[in-house]
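**Q** For 16-36, 48-71, 120-138, 150-171, 215-242, 262-281, 293-315, 327-345, 366-384, 390-411, 423-441, 447-468 (among others), the entry in TrEMBL reads transmembrane segment.
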Amino acid sequence: MGEGFDTYMTLVKHSLIYFIARGLSGLINLCAIGVYTRLTSPEEFGKYVMVLAVVEFVNAVLFHWIRYGILRYSQRYTEDQRGIFLSTIATLFFIMFIFTLILSQLVLWVLIDLGKWGELWQIGLVLLWIMAWFDLNLELLRADLSPGTYGWMLLGKSVLTFICIIVMLNFDMGAKGFIIGMMTGMLFPLIFVMKRNWKGIRIPVIDPNICKQMITYGLPLTITFSMHFVMVSSDRLILGWIRGPDESGLYAVAYDLTQQTLLLVMTIINLSAFPLVVHALENGEIAETHKKLQQYTTALFFVSFPATAGFIVLAPGISRLFLGPDFLDVAFTIMPLIAFTAFLEGTKQYYLDLSFQLGQRTWFQIWPNIIAACANVGFNFLWIPKWGVLGAVYATIVANLMAIVMSWFIGRKIFPLPFPSKEILKIVLATLMMVFILKPLATYSGFLILFTQIVLGLFIYISVGYVLKIGGYHRYFKNILGRMTRKR
């Protein structure tokens, strides 16, 4: 049990740090949504989310492939090769920086007359560069198994962004204030990690072999996650185009509040566990890789099932607490559906897609995402004119279901993933018990009431899970308690 326990405790330690960092950051972002919706109109928020959707899409297409290569290959290069590895990454980023600068000027000067949107898009270009560099630095910290620095950087960004946007909104800067606030919030944390992350780099220096690895591994993932951004962002853009920025803003607030909350818990497990899985696989430890994947899968669904069910049940109280009055009517209607959508999205992204990434056959990951993204865009154009925001939600649900089915069918032939069906059944039973208790209490709202509901739900779920011995976690709890008792 010694080695297995050490592996588990490493996972727990990293998960705890990521949970604190991501949890506090997510809590700040959730509170921020509540404040923003009371300081701005749906129209101004809609303009901001439309610009942000384009920025995130371009970031995914042109910069994310470098991020994926960092996570996959960082541990392959020793101290002797570290300098050339980092220099290659920095040079590749600089090349994409120049490319986006030229491309943006062509768009602004030749192809499109943006009119009143022109200033927003130019500021959005600067946001793109800062966001891409910030993401690269975060990924480097994650790949180097430095969750502490990662956490401080993420928290710093959230706090500073929150403060800066509030200041901007109080000066009536509207959508422009959101963008400037985001840029400021990312710039200051970057100052403190630049020397640590990029010491000794040389630009322009590129190792052809490293560059080839980065492109071969990262490009398919870039196409894949670009299609993911199409699924997430196309509804906002199409809503804004067909129904106006105000409806896009109403939809985006409800969507972000729900998705950020639920994907947060799944992201934490992935952040802490995936580098450990890759490390075992790189060392040729097949049995250990399978064992860690088993632990990872159980942990992923152990947190995502009850989180999704709890959010669906408590959605009315959550929306009343966090959102301004102008945003409530739409939120009541779509938040339970978006919670289900977020679960589907997280299951594909953090479970099924591992088959392609661990099997290094990421090109095959492209097709489910391309087909689902195209279907999502088509359904949006078909259903948004008819049902508005509900049409956008329906389109996303159907597209995610299509992506899940295709990813499972293709991925199982590349790198079969463990599916602990017995543990999943226990998780479902514990979740149903939690929902049964919480459902009669869902009509009440307020901060203390919501806090009590969450604590009660957690207590019921964990208690039932302990009795059912989900994932064997009860043994580790007993072991930890035993160690604490012996120390006393």
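Placed from the backbone N, Cα and C atoms, the Cβ positions cover glycine too.
Those TrEMBL annotations? Automatic predictions, nothing curated.
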**Q** Are the transmembrane segment (390-411) and the transmembrane segment (327-345) near each other by the rule of at least 3 C-beta pairs under 8 angstroms (pairs 6 or more apart)?
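**A** Between the transmembrane segment (327-345) and the transmembrane segment (390-411), contact is present.
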**Q** As a test: from 16-36, 215-242, 262-281, 366-384, 423-441, pick the stretch that has the greatest number of Cβ pairs under 8 Å with the transmembrane segment (390-411).
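**A** Stretch with maximum Cβ contacts: 366-384.
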**Q** Have the transmembrane segment (262-281) and the transmembrane segment (215-242) got at least three CB pairs under 8 Å, pairs 6 or more apart in sequence?
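**A** Between the transmembrane segment (262-281) and the transmembrane segment (215-242), contact is absent.
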**Q** With contact taken as 3 or more Cβ pairs under 8 angstroms (pairs 6 or more apart in sequence), are the transmembrane segment (48-71) and the transmembrane segment (16-36) in contact?
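**A** No; fewer than 3 Cβ pairs under 8 Å.
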**Q** Quickly jot the same-chain residues contacting the transmembrane segment (16-36) by Cβ under 8 Å, restricted to those at least six beyond its ends, or write none.
**A** 45, 147-148, 150-152, 154-155, 157-159, 161-162, 165-166, 169, 178, 253, 256-257, 260-261, 264, 267-268, 271-272, 321-324
**Q** Counting a contact as 3 or more Cβ pairs under 8 Å, with residues at least 6 apart in sequence, do the transmembrane segment (366-384) and the transmembrane segment (150-171) touch?
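**A** Counting Cβ pairs under 8 Å (6 or more apart in sequence), the transmembrane segment (366-384) does not reach the transmembrane segment (150-171), since there are fewer than 3.
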**Q** Using a Cβ cut-off of under 8 Å, list the residues of the same chain at least 6 residues beyond the transmembrane segment (120-138) that approach it.
**A** 47, 51-52, 54-56, 58-59, 62-64, 66-67, 70, 89, 93, 96-97, 100-101, 104, 108, 114, 150, 153-154, 157, 175-176, 179-180, 182-183, 186-187, 189-190, 193-194, 197
